[in-house]
Amino acid sequence: MSPIRMPRGDAAPAATVAPGPGGVAAALEAVGARVVVEGAVLLDGVDFTAHPGRVHSLIGPNGAGKSTLLGVLAGDRAATAGEVRLGGRPLADIHLRDLARERAVLTQEHAVTFPFPAREIVEMGRHPWAKTPAEDDDERMIAEAMRLTDVAHLAERTLPSLSGGERARVALARVLAQATPILLLDEPTAALDLKHQEDVLRLARERATAGATVVVVLHDLGLAAAYSDDVTLIAHGAVVATGAPSDVLTAERIEAVYGQPVEVLPHPRTGVPLILPIR
Amino acid sequence: MSAQDAAPRTDERPVGESADAPPAASAVGEVAPAASRDPDRPSTADPAAPTSRGTAARRVILFTGLALALVAVAVVAAMSGQLHLPAGEVWNSILRALGLTDVPESVPNADAALWTIRFPRIVMAILIGAALAVAGTIMQAVFSNPLAEPGVVGVSSGAALGAAAAIVFGWTAAGDWVTAAIAFGTGILTTFAVYFASRSGGRTEVVTLVLTGIAVNAFASGGLALLTFLGDNQSREEIVFWQLGSLNGARWEEVQVMLPVIAAALVAGFALARRLDLFSLGERGARHLGVNVERTRVISIVVVAVLTGAAVAFAGIIGFVGLIVPHLMRMVIGPSHRGLIAASALGGALLLLTADLVARTAVPMADLPIGMLTSLVGGPFFFWLLRRQRRKSGGWG
């Protein structure tokens, strides 16, 4: 199965699984989002905006509130205070079915209850488009999503028989098959080997180039620096810094937030910041 | 398979075996290292095929097999009993009823035995078996739990309590339908009590629901014990036998009530099928794909309560059909609910019809309680299923 070989900017493969008829990607923004659960403040008045055509990484230490913010942006949980808006409309006002045509979410959980074959899992991603003209694209979208995530050869295998990384890629294929203009990815690289990590972020990159809004939670600061247009660093439920990777990822800030001294060097060829722990 | 070209064969690996030999590459590794991952090879896997040929073939075989078996068992059931009738007589009796033949009865009272006793009982077994199995399928899907069965939400024990009350307090004197109607009503009421008691803030947690169900089931069995204690000997006997379950005395009037109820619930089940598939991704996953999880769950529970309530009201408690049939069908055609609900309906009908045939013919001059039979056979069988599934793919969880 061929991974993506296209150079960055060649939108051909991405365009075939481009935003569905749901239309133009819209900005997704949180305004003063605050989440309190049993007295614990998980998010403390976060302002965040993800723009169409850009990959926006959420980084921060464990328990910083990255996944909580992603959950709020996805509409999984309502903010205790503040608001989340999609294209200017409050998320809570958007019908679930319409929302499913606007944004797809990759969670950290890839388990399924019953032993569905991988292909049927990917097919589930087309559910929001059932009984719409976009339904005609189902087969092509599914095949394309499985090709892009390198899982076509697993089509008939049942999920329980797959490795963790393979399951993660099947889940990603399902998210891509949903063909939404907004992608919310929670640690999409967590279970993946080196090449598939790069593949996934290249895919995210291509989707953004084709006009999608991509928000991705990452732990690997190097990946975040290499693939993001914007980076938001979160700690203790609040935004520490947001902006271009090279502005946000400074040695002092990373040490202050993570408690680990690092060196930040520009890559000799590309100039992308390299973050190396001081050992 | 043999007609296919060689390339797609690697993708047609039997589902069950794939678990034991994880990557395809390990089996063929020495011959063609990682052949399936070669980036230059054209895409051989055809994910565009809606279902693999293997699955489609198995689906056809399963549905044809179940349908044929159902007809065969129905014929045998019509022939068997204290009055043995040859198959030809059964056929002629049907033709006579339709006015298509003038052949007289070759066995005295054949028509009477068939049309007043055996046929309604056969139809009732088919309907109740289908109802129980479909209820179980929906229940397992909607709670993303392969061990869920309708009894979990209290419908059976609630119905039993209602029926026992009707028997002990002599309400049955008011008419033939009283016990069934009260059992149906209390079954549904109990289900809703369990559901709403476990709901909080517009959400239902599955574990809370199951635990609430356990509490309510315990209360209902306490109430049942009290009623058994209060009742006289005859009432006690009635309560006990009602609980053991039986299709004895099934009548066309009952069929007339069951048929529309079950047809409606089946239609609802099919309408839910795609959404039920998505529940496999978990509540969040289903929501992300546009499913209103809470509403789908309420509709599903209503469907389950109506199906099970109706079945229990007319036949008493018949266990394990709702638990086993969906598992068996899932093993053959996979977990996709569009096929699974239909297959479970057929499979449940076949299982209960067969069980009822055994119940009324195994011991001469005796009608064994069918619920006792399904549990006696179903328990060990389910255990075997669990072990087998666990060995093959690490269980359902």
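Cβ atoms here come from the backbone N, Cα and C positions, even for glycine.
No curator has checked TrEMBL annotations; they are predicted automatically.
Note that the coordinates shown come from a computational prediction; the quantities given were computed from them, not determined experimentally.
Look at TrEMBL and you will find B:21-36 tagged as compositional bias 'Low complexity'.
The region 'Disordered' annotation in TrEMBL covers B:1-52.
The feature transmembrane segment is assigned by TrEMBL to B:60-79 (among others).
The transmembrane segment annotation in TrEMBL covers B:122-143 (among others). Within the same chain, residues 70, 74, 77-78, 149-150, 152-153, 206, 209-210, 247, 250, 254-255, 258-259, 262, 265-266, 269, 272, 276-277, 279-280, 296-297, 300-301, 303-304, 307-308, 310-311, 314-315, 318, 321-323, 325-326, 329, 337, 340-341, 344-353, 355-356 sit at least 6 positions outside the transmembrane segment (B:122-143) and bring their C-beta atoms closer than 8 Å to a C-beta of that stretch.
What TrEMBL lists as transmembrane segment is B:150-171 (among others).
The feature transmembrane segment is assigned by TrEMBL to B:177-197 (among others).
The transmembrane segment annotation in TrEMBL covers B:209-230 (among others).
If you look up TrEMBL, you'll see B:298-328 (among others) marked as transmembrane segment. Below 8 angstroms of C-beta separation, residues 124, 128-129, 131-142, 146-147, 149-151, 153, 155-156, 159-160, 163, 179-181, 183-184, 187-188, 191-192, 195, 241-247, 250, 254, 257-258, 261-262, 264-265, 268-269, 272, 276, 340, 344, 347-348, 351-352, 369-371, 374-375, 377-379, 381-382, 385, 389 of the same chain, each at least six residues beyond the ends of the transmembrane segment (B:298-328), sit close to that stretch.
Here TrEMBL flags B:340-359 (among others) as transmembrane segment.
Look at TrEMBL and you will find B:366-386 (among others) tagged as transmembrane segment. With a threshold of 8 Å between CB atoms, the same-chain residues lying at least 6 positions outside the transmembrane segment (B:366-386) that come near it are 241, 243-248, 315-321, 323-324, 327-328, 351-352, 355-356, 358-360, 395.
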Comparing B:60-79, B:150-171, B:177-197, B:340-359 for Cβ pairs under 8 Å with the transmembrane segment (B:209-230), the winner is B:150-171
